[in-house]
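Colleague: Can you read through this structure? Questions will come right after.
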Amino acid sequence: MMNRLLVFLMLGAAFMLVVSAIDQDANDINKRGVPCLCDSDGPSVRGNTLSGIIWLAGCPSGWHNCKKHGPTIGWCCKQ
């Protein structure tokens, strides 16, 4: 009985560790946003820095649209 309890507690602790790590990754993405390729970055994503951030509802104050044609969803904005 005691061994089953210990196994249950260890599995619960491992599950909580995984869930907290996934949550931290999601928070980092929310703060950073999804990078996109501005026109000033060059023609290809290979070897170029992605200096823009995709915003779904238009560029916020202090940012400008840095790509003439799309992404398909949202705007590629740069400070």
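Placed from the backbone N, Cα and C atoms, the Cβ positions cover glycine too.
Given the structure is predicted, the values throughout are model-derived calculations rather than measurements.
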Colleague: Check Swiss-Prot and name the cysteine among C66, C76 that pairs with C36 in a disulfide.
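Modeller: According to the record, the bonded cysteine is C76.
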Colleague: Going by the disulfide annotation in Swiss-Prot, which one of C59, C66 is bonded to C38?
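Modeller: Answer per Swiss-Prot: C66.
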Colleague: Rounded to a whole number, how many Å is the Cα of C76 (disulfide bond) away from the Cα of C66 (disulfide bond)?
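Modeller: Approximately 6 Å lies between the Cα of C76 (disulfide bond) and that of C66 (disulfide bond).
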Colleague: What are the non-local neighbours of C38 (disulfide bond), defined as same-chain residues 6+ apart in sequence with CB under 8 A from its CB?
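Modeller: Sequence-distant Cβ neighbours: L50, S51, G52, C66, K67, C76, K78.
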Colleague: By a simple count of other Cβ atoms within 10 Å, which of C36, C59, C76, the disulfide-bonded residues in the record, is least packed?
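Modeller: Output over disulfide-bonded residues C36, C59, C76: least Cβ neighbours within 10 Å is C59.
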